[in-house]
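Taken straight from TrEMBL:
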| type | residues | note |
| --- | --- | --- |
| DOMAIN | 1-113 | domain 'Lon proteolytic' |
| ACT_SITE | Ser19 | active site |
| ACT_SITE | Lys62 | active site |
Amino acid sequence: DYDVHMHVPDGATPKDGPSAGITMVRAMLSLAMDRSVRAVLAMTGEVGLSGLVLPVGGIKEKTMAARRAGIDCLVFPAQNKRDYDELPDYLKEGLEVHFAEEYKRVFEIAFMEDDFFDHKI
């Protein structure tokens, strides 16, 4: 067993740019496990040391960008659900959207394994 701690200076500083914490963790796990992830998936969110998925800004813009790119499955922090719910219906139409409180849920969506953690010690 190994613990990995990736330090991104000023990672907790509020900013307008994209928050790629959960995406970076997903990429590292994909490499470490030598497993592919779901192909058409967009995600955004900070991830804390305890695995909590933290809120980000720009939900409307990120949703629009995903639609333009032809991506119909999105993962957002649970704390951003209100931001997403306030979007116009035409932006949300036809999207599969997940809201994650913990990185465990992001993993299940990205690797398409809802019961992965049920079988681990």
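The first residue you see is number 1, and the count goes up from there.
Glycine too: its Cβ is placed from the backbone N, Cα and C atoms.
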DSSP-assigned states of the domain 'Lon proteolytic' (1-113) in counts, ordered helix, strand, coil: 43 helix, 18 strand, 52 coil
Local confidence of the domain 'Lon proteolytic' (1-113) - pLDDT mean: 86
